[in-house]
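J.: Got a structure for you, written out below as structure tokens; questions coming shortly.
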Amino acid sequence: MIFSTLEHILTHISFSVVSIVITIHLITLLVDEIIGLYDSLEKGMMTTFFCITGLLMTRWIYLRYLPLSNLYESLIFLSWSFSIIHMVPYFKKYKNYLKAITAPSAIFTQGFATSGLLTEMHQSEILVPALQSHWLMMHVSMMVLGYAALLCGSLLSLALLVITFRKFISIFSKSNNFVNESFSLGEIQYVREKNNLLPNTSFLSSRNYYRFQLIQQLDLWSYRIISLGFIFLTIGILSGAVWANEAWGSYWNWDPKETWAFITWTLFSIYLHTRTNKNFESVNSAIVASMGFLIIWICYFGVNLLGIGLHSYGSFTLTSN
């Protein structure tokens, strides 16, 4: 009873704090002058991290195994992973380009985990024999950490694409306006020369220079965090294969979860390969990474929604009242 009450309190505190963090972040986007709000945002995410850590530890002590056996527990761990990713740049004294992604991701996963859809999973249950293994901690924790990092990297790539295409549309629009005005004067050759100089002129402006710097930083951070997530995902898949051999007598069975995990791994392998090719532009690799956002969610939720395959533990069904 005490553990259940403490878990309930920590869940609501963490959700409330991260909601306040989102509100503070929105205020800082509108009012840049309020510097004190930036510190409040970081302290809020630290509070969220410690609350979720306390929640996981409480459930671990109560259940006597790392709480990663169903969708509810893995979502809580995913939210915890987002909070860790948020704090790494802060302690490294880097400019945090991830905070616009990690904080909303934490609140959405936390909100879904505590929603009425997963109420039945809040209660403790005895693990099925296949899950009573030390590989549970290794395999599932690495997979969820990999999902969190890859999701953040994919969202950064999506942001890069949005900013890049907005820049191209803006330049194209200005170019067309200039061409129309120049054609009315009949200066065709002059238009061609000015048209070639237009991108350079736009680049030299302070606004476009800042945008260029932002694109470069988004590209760098997406590459870093996707590389980290790919390592976690690889370790998770390999440890899962060893566990599968112990539990089912085969390293790989091509059930839905394993198939989509392989698709996810292959997609991000392609992304990392494109990064080694200097002829490949950052936009092209960002397109590959952004595709991974959808693939990860299919891999993560697909089996739980369908409730099929060898990995259907902790699946849930949507029921109407």
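Cβ atoms are placed via backbone N, Cα and C, with glycine included.
So Swiss-Prot lists these for the protein:
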TRANSMEM  17-37  transmembrane segment
TRANSMEM  46-63  transmembrane segment
TRANSMEM  71-91  transmembrane segment
TRANSMEM  98-118  transmembrane segment
TRANSMEM  143-163  transmembrane segment
TRANSMEM  225-245  transmembrane segment
TRANSMEM  259-273  transmembrane segment
TRANSMEM  286-306  transmembrane segment
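Quick one: where do these features end up spatially?
T.: Tertiary proximity for the transmembrane segment (46-63) is limited to same-chain residues at least six positions away from its ends with a CB under 8 Å from its CB atoms, namely 3-4, 6-7, 10-11, 13-14, 17-18, 21, 73, 76-77, 79-80, 83-84, 86-87, 106, 110, 124.
Within its own chain, the transmembrane segment (98-118) has Cβ neighbours under 8 Å at 11-12, 14-15, 18-19, 21-22, 25, 41, 45, 48, 52, 71-72, 75-76, 78-79, 82-83, 85-86, 89, 148, 151-152, 155-156, 159, 221, 225, 316, 318, counting only residues six or more beyond its boundaries.
Cβ atoms under 8 Å from those of the transmembrane segment (143-163) belong to residues 68, 74, 77-78, 81-82, 84-85, 97-98, 100-102, 105, 211, 214-215, 218-219, 221-226, 228-237, 240, 261, 264, 268, 282-283, 285-287, 289-290, 292-293, 296, 299-300 of the same chain, restricted to positions at least 6 beyond its ends.
Listed by sequence, the residues of this chain that lie at least six past the ends of the transmembrane segment (259-273) yet keep a Cβ under 8 A from its Cβ atoms are 143, 150, 226-227, 229-230, 233-234, 237, 240, 285, 288-289, 291-292, 295-296, 298-299, 302.
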